[in-house]
Amino acid sequence: MPNQDPAERRVVVTGPPRRTRPASGYYRPRTEIDEQTTLGHTYVRSLMRSQLRAAMAVVAVLGLLIGPLPLLFATMPDSDRLEWTVLGFCLYPPLVLLARWYVRRAERNERDFVRLVEDQDR
Amino acid sequence: MNENLAVPAVALVVLATVFVGAFGLRISRTTSDFYVASRTVGPRLNAAAISGEYLSAASFLGIAGLVLVQGPDMLWYPVGYTAGYLVLLLFVAAPLRRSGAYTLPDFAEARLASSAVRRLAGAFVVGVGWLYLLPQLQGAGLTLTVLTGAPDWLGGVIVAVVVVAIVAAGGMRSITFVQAFQYWLKLTALLVPALFLVVAWQGDGAPHHAFDEPAAFREQRSVRVDDGLDLRLERPLTVTVSGTVDGRPHEDQQLRLFAGTHRIEAGTQLTFAEGAAVPEAERDGDGGLSPSQAESRGERPLYATYGLILATFLGTMGLPHVVVRFYTSPHGVAARRTTVAVLGLIGAFYLLPPVYGALGRLYAPELTLTGDADAAVLLLPERMIGGLGGDLLGALIAGGAFAAFLSTASGLTMAVAGVLTQDVLPSRGVRHFRLGTLLAMAVPLAASALVGGLPVADAVGLAFAVSASSFCPLLVLGIWWRRLTPQGAAAGMLVGGGSALLAVAATMAGFPGTGALHALLAWPALWSVPLGFLTMILVSLATPSRVPAGTAAILARFHLPEELAGGQVRPEVKA
């Protein structure tokens, strides 16, 4: 059919979009992770470790902040007014700030990890 | 309290709850809607819902009452309830959402590939849920009695019926709207009267001695002692007595009581002079709805405080109605952000109960003697402002208190019903979910009728201690430790949670009355949490061959951001 308009022959193909992957390259962490290789596990482990480190840092700050307070209130004379102020009103802002710091940190860890994996995929 | 206003306020809250629930019903169609609102709840709505669900009667009424009676040490409760969410955020929030499980038993099964561990976790969820539902129902009864003089089973029955209707009809989607609405209702109901009360306090010359120990009477005040109690005096005290003190009857006589303990019989009227110190009372039976265990605090205050801190910090993550909420977030990042918003909302709310506690010490110190300390929040507007304004504010608070019972009870019922439907009843359809709802509420309602006089409050502390020593190790080790085995998890839950349960049960039954052993048993978290962790770790290490085969893949799914997790993630629509 020599004189046919090429536009009529065009066919629309539907289907889930497929991510294009390079055909070559030995270091491909995404595949390594998907396929459960030792190298993939090492990647996951490194992410877990960085997330755990962030969490432990916040726990340490929380422990240092909260831990000594009951002792302080018990040993200090006339600590009642201080106890009212600290426990009633002053502890909540630091708790929220710690949470916000952790979330920012955890999300950055994840972004860094995704970038690491995808950069090497390419 | 003027019941002509309080009753319509409570009725209005109940109606509004049903109405908002019906709104959710119209868009709740599938089984997934039922259990997890199809996982499309955005952070802001979800955070308000979580906070609304979490702030129970113990927070709304109990903390102010505890502070009134026992002083600022009790402010550790709200701090612990809030910090518990921080700990949950750090170790659990995002991985729990990414685990893709519906309930805590689902999590246990997905992580450990063992149906035995699943059933054990299910049993603990149902147990902790029922323990926590009991004080909600009894608290509702108490509030309605204080407000209107209604028989004390009525409030519990009202709460039970409304909650079963909403949960059975609309499931999680409808509950989400109800909870979010109730957070704002509770905040308003406590904030607006607090502002008026603080203005009234300013107008009164802003007296400061609320923070002094012990609290003192500001004016001559008569107190009727309804239950017999032991009065402990540090200094001699002069009171006018009509009734029986130390076994001797008096009729409107001025009496000088010496330092030491004095027995006041029920029905005695005591009149204190202006400026007299409020004596410490030891009650026969504690009817409060707040976590009490007061006796042991006197003996081991420091140990008790640390026990309380550990139980609340680590127990929050295992409460069944808290955990089930995280499955409704669309993804792990949203789950984290939701938790931060929850911390802000809960923290803002908890600024208010101390205000009521302090004002209660100033204006209603005699509540420590009558055993109605939990009513302090309800009574303050009438006491400080009076007139129609005081009545209106009191009615607002009453409505908020009922919202507190309704929201926590519906969340707990939801969680317990989910477990019952999936693990006990034969099929998983919506009809069986409704049957599960009925069952989830019937048991605690029957129990509250049976054990009427039990110190309900201890059930809240017990729930936190049991959750901290069973679910906290399971979640933390399950998410962060590769070598956890089903055997280790089961042993840890049984030893940690079981020993905490036995310890507090022994305390409630009155076993060893005093001494160090008593304090250890009344505040088990300090030893039962490490015991749970240690058992779980040691038994897991002893059974290394039983580590589930897919552990590495499961942990990868818990921790990898969604865009990397094996293509199983689709973009999801926000609610």
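Backbone N, Cα and C atoms are what each Cβ position is placed from, and that goes for glycine too.
Annotated features in TrEMBL:
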- B:45-69: transmembrane segment (TRANSMEM)
- B:75-96: transmembrane segment (TRANSMEM)
- B:116-133: transmembrane segment (TRANSMEM)
- B:153-171: transmembrane segment (TRANSMEM)
- B:183-201: transmembrane segment (TRANSMEM)
- B:303-327: transmembrane segment (TRANSMEM)
- B:339-359: transmembrane segment (TRANSMEM)
- B:392-421: transmembrane segment (TRANSMEM)
- B:433-454: transmembrane segment (TRANSMEM)
- B:460-481: transmembrane segment (TRANSMEM)
- B:488-511: transmembrane segment (TRANSMEM)
- B:517-539: transmembrane segment (TRANSMEM)
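Ranked by the number of CB pairs under 8 Å to the transmembrane segment (B:517-539), the listed stretches B:75-96, B:303-327, B:433-454 are led by B:303-327. Per-stretch counts of Cβ pairs under 8 Å to the transmembrane segment (B:460-481) identify B:488-511 as the leading one among B:153-171, B:303-327, B:433-454, B:488-511. Annotation: stretch B:153-171 has the most Cβ pairs under 8 Å to the transmembrane segment (B:433-454), among B:75-96, B:153-171, B:303-327, B:488-511. Residues 14, 17-18, 21-22, 24-25, 28, 33-35, 37, 136-145, 178, 402, 405-406, 409-410, 413-414, 417, 430, 433-434, 437-438, 441, 445, 448-449 of the same chain, all 6+ positions outside the transmembrane segment (B:153-171), place their C-beta atoms under 8 angstroms from a C-beta of that stretch.
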